[in-house]
Amino acid sequence: IKDLATVFFYMLVAIIIHAIIQEYVLDKINRRMHFSKTKHSKFNESGQLSAFYLFSCIWGTFILISENYISDPTILWRAYPHNLMTFQMKFFYVSQLAYWFHAFPELYFQKTKKEDIPRQLVYIGLYLFHIAGAYLLNLNHLGLVLLVLHYFVEFLFHISRLFYFSDEKYQKGFSLWAVLFVLGRLLTLILSVLTVGFGLARAENQKLDFSTGNFNVLAVRIAVLASICITQAFMMWKFINFQLRRWREHSAFQAPAVKKKPTVTKGRSSRKGTENGVNGTVTSNGADSPRNRKEKSS
């Protein structure tokens, strides 16, 4: 409970850093590019998130390497509960919670549109729910791996969107992101089932104990897997709808215009049209054609 004061302090730090990036980086780019209001808000959102995702991804990867998570994957579930954390691990989680809590007052500071607020609240709430869940249930090893994986994919999306705003012909980043997004969801499910469904399920100590921080019981494992699976399914559903909308817009833009065929009228009007020229236009030598001269001589 004492961590709440630390989270609140670093939430204020995150608000200050957010304002510095906005004023000294993003606002200067916006003045040069002359974006519309819609692009302006999306550019600011992607600029802030890409900086945060890049920093968190590098920081989390450094922790994974220093703690030997990559060389020994069994550390994800071995010796649970992981209630003793190194300083950098604890500081990472405190910073993550502080950043996503700071996103609530930023909705007011950035003057977010009313129609965009529900979408923002949903994904802020999902981040806080999963990060706080991993922190409180002592699943910080698994949470760190999943966060680094997710942040890398999200960083690629937002950096691709920044390049797209500068040049709308840029589409390669979105194609790479689409592939990595699907792979990221599969890896998230595999690691979660491997850690919670197999690793923790075979552990010897499976008794609920709040004093030691042991939550390795069947009900908690089912709740953790259910929340992860539901979230991944929700993200895939949003992803499929996004791709279908892009495909429809692209096909409608690329559809060739239907050319109207010239209608040929019957009778004298058609003959007159052919004599006078192409499509009813009078040719320069139409009045002096050899046929007309013959008729005059006769």
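Just so it is clear, glycine is given a Cβ too, placed from its N, Cα and C backbone atoms.
Copied over from TrEMBL, here are the features:
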type: COMPBIAS; residues: 258-271; note: compositional bias 'Basic residues'
type: COMPBIAS; residues: 276-287; note: compositional bias 'Polar residues'
type: DOMAIN; residues: 41-250; note: domain 'TLC'
type: REGION; residues: 258-298; note: region 'Disordered'
type: TRANSMEM; residues: 6-26; note: transmembrane segment
type: TRANSMEM; residues: 47-71; note: transmembrane segment
type: TRANSMEM; residues: 91-109; note: transmembrane segment
type: TRANSMEM; residues: 121-138; note: transmembrane segment
type: TRANSMEM; residues: 144-164; note: transmembrane segment
type: TRANSMEM; residues: 176-198; note: transmembrane segment
type: TRANSMEM; residues: 218-240; note: transmembrane segment
Residues from the same chain, set at least six apart from the ends of the transmembrane segment (121-138), whose C-beta lies under 8 A from its own: 80-83, 93, 96-97, 100-101, 103-104, 107, 144, 146-147, 213-215, 220, 224, 227-228, 231
Ranked first among 91-109, 176-198, 218-240 for CB pairs under 8 angstroms with the transmembrane segment (6-26): 91-109
Recorded stretches the transmembrane segment (47-71) and the transmembrane segment (144-164) touching, at least 3 CB pairs under 8 Å: yes
